[in-house]
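Copied over from TrEMBL, here are the features:
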- 20-45: transmembrane segment (TRANSMEM)
- 57-75: transmembrane segment (TRANSMEM)
- 87-106: transmembrane segment (TRANSMEM)
- 126-149: transmembrane segment (TRANSMEM)
- 169-191: transmembrane segment (TRANSMEM)
- 197-217: transmembrane segment (TRANSMEM)
- 310-331: transmembrane segment (TRANSMEM)
- 351-370: transmembrane segment (TRANSMEM)
- 391-410: transmembrane segment (TRANSMEM)
- 430-452: transmembrane segment (TRANSMEM)
- 473-492: transmembrane segment (TRANSMEM)
- 512-532: transmembrane segment (TRANSMEM)
- 554-604: region 'Disordered' (REGION)
- 555-574: compositional bias 'Basic and acidic residues' (COMPBIAS)
- 575-589: compositional bias 'Polar residues' (COMPBIAS)
- 594-604: compositional bias 'Basic and acidic residues' (COMPBIAS)
Amino acid sequence: MGDKEVKEEEQKGGFRASMFIFVLSALDNMGFVANMVSLVLYFYGVMHFDLSNSANTLTNFMGSTFLLSLVGGFISDTYFNRLTTCLLFGSLEVLALVMLTVQAGLDHLHPDYCGKSSCVKGGIAVMFYSSLYLLALGMGGVRGSLTAFGADQFDEKKNPGEAKALASFFNWILLSSTLGSIIGVTGVVWVSTQKAWHWGFIIITIASSIGFLTLALGKPFYRIKTPGQSPILRIAQVIVVAFKNRKLPLPESDEELYEVYEDATLEKIAHTNQMRFLDRASILQENIKSQQWKVCTVTQVEEVKILTRMLPILASTIIMNTCLAQLQTFSVQQGSVMNLKLGSFTVPAPSIPVIPLLFMSILIPLYEFFFVPFARKITHHPSGVTQLQRVGVGLVLSAISMTIAGIIEVKRRDQGRKDPSRPISLFWLSFQYAIFGVADMFTLVGLLEFFYREAPETMKSLSTSFTYLSMSLGYFLSTVFVDVINAVTKRVTPSKQGWLHGLDLNQNNLNLFYWFLAILSCLNFFNFLYWASWYKYKVEDNNSKVNLKAPLKTVGERKQDEEEKKDMRVKARESSQTSEANTEGPSSSDETDDGRNSREWKHR
């Protein structure tokens, strides 16, 4: 590569390239969040699902969307580069939106009301579920690759100054998606609920198409990393080789473990002493060639250790995302039976999430311009505070949000039972939404940055997708909680009615469900503290150039070295004994054996 090409490559990336990504993030999230908060009403009013099935269908759809982000992450790490992956799944997303728009716009593709929990069947059901889960695949694939692609535009290794820019990137991509979401939950939701559902879907389809076109136009400005070896294959190799070598003794020094330094462009990760049983995968046995499935490098083993250490952190955020699911299902249903008037304007119930979004749109710039520079002076950390500290703050706030949600529901239900014609104002819900919005700002950005920074070079997209995996499991867990709690409380309550039964919220005990989640969130926070304190941050191997000169030794060679060292220690001891005997004077011909034995005993 010539000097001119190198210079052109260095000029790529940065915030100039990120602007195209921010545009897609805003336009795509405009539709994504609009669907997230309003589809429960579409399922309930147009597709004729009952209350709990509407909520469960939405949470299953959202869970599938976030779960499928792993597919996008895996493909962009292994087969296609991240830009190609984004555009590929983006085309699937647009196709699904077109199908959803057609079904919403044609009355003969709507089911008739049947009075059952679900009324969709036949060809209507095929089109409904095909478009819904094709949309989940498209949106999930984009989310699995877009964030990592944006972060690739900042290389903190070649330019340490870009470490701060990378930390800022995660805040700005959240801000861009927040601004798009504000338009989605106000303008798009109003069109969908007050005009016609298909008009809302048309707006979302056009916006997403423009977003992906913008992303494609930015190609000359991007730093595009080529995919590497399959991360799943690398993980499997470590597990298999470690199991094969399970009976081998671990070497005394980690310098005796196998590592390759021929390719200086590959990231080298320093050895850690956690989960040492995996280190057996890096033992090069005698008479065995250094090849895949026979021995793994220290870096490859450390990659598996990093992912293993990440799993408890990921699991600790699932409950918070279960709480998030309630704000997009039951809280929207709460809002639909409250006073929606703001002066002469009627606010659509699904637009309530605009409250935390407005808070976030103000707090993110304040956080970036004031808190982060102040915190950097104290902590000397590029992000101001560590990623896990941000996550911890978010978990605490989510527990507070659920507690307040239960209190507000008691007030709403009591007024609804007392005088249904005079419900309390919709804006009582703003308290729980606002607090959870701040929690989401801390946790979402903290997790994205944590999983990207800590991930091995070959697993950036897959690891970043763990954030969405946590969301997915949170949504699926919400469905499980609703079904289980309904089943259990139906048996133990005197009324023999579940907490979340039927269609009438005034006859339910939604507040108890919120408080149940608040208690779980508190317990989960202490679980998070334990794993966060146990977690060991990744450290790159800075001594690779020195280690390059050190020859690697097999198990047999190490045993031979140990025997040679033992012989040397014996010879050294004998030499010191002879030296001491000489310093005590010349040996006498008439010296007795007892005298020699006495001197030897003293030396020992």
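Glycine residues also receive a Cβ, built from the backbone N, Cα and C atoms like all the rest.
It should be emphasised that the depicted structure is a prediction, and the values quoted were computed from it without experimental measurement.
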Contact yes or no, the transmembrane segment (197-217) and the transmembrane segment (512-532), 3+ Cβ pairs under 8 Å, gap 6+: no
CB contact flag for the transmembrane segment (512-532) and the transmembrane segment (57-75), at least three pairs under 8 A: no
Candidate ranges 87-106, 430-452, 473-492 - greatest C-beta contact count to the transmembrane segment (57-75) (under 8 angstroms): 473-492
Long-range neighbours of the transmembrane segment (87-106), counting only residues six or more past its ends (CB under 8 A): 28, 31, 42, 46, 72, 80, 124, 127-128, 130-132, 134-135, 137-142, 144-145, 196-198, 201-202, 204-205, 208-209, 211-212, 215-216
Positions on the same chain near the transmembrane segment (473-492), where near means CB under 8 A and six or more residues out: 52, 55-56, 59-60, 62-63, 66-67, 317-326, 329, 498-501, 509, 513, 516-517
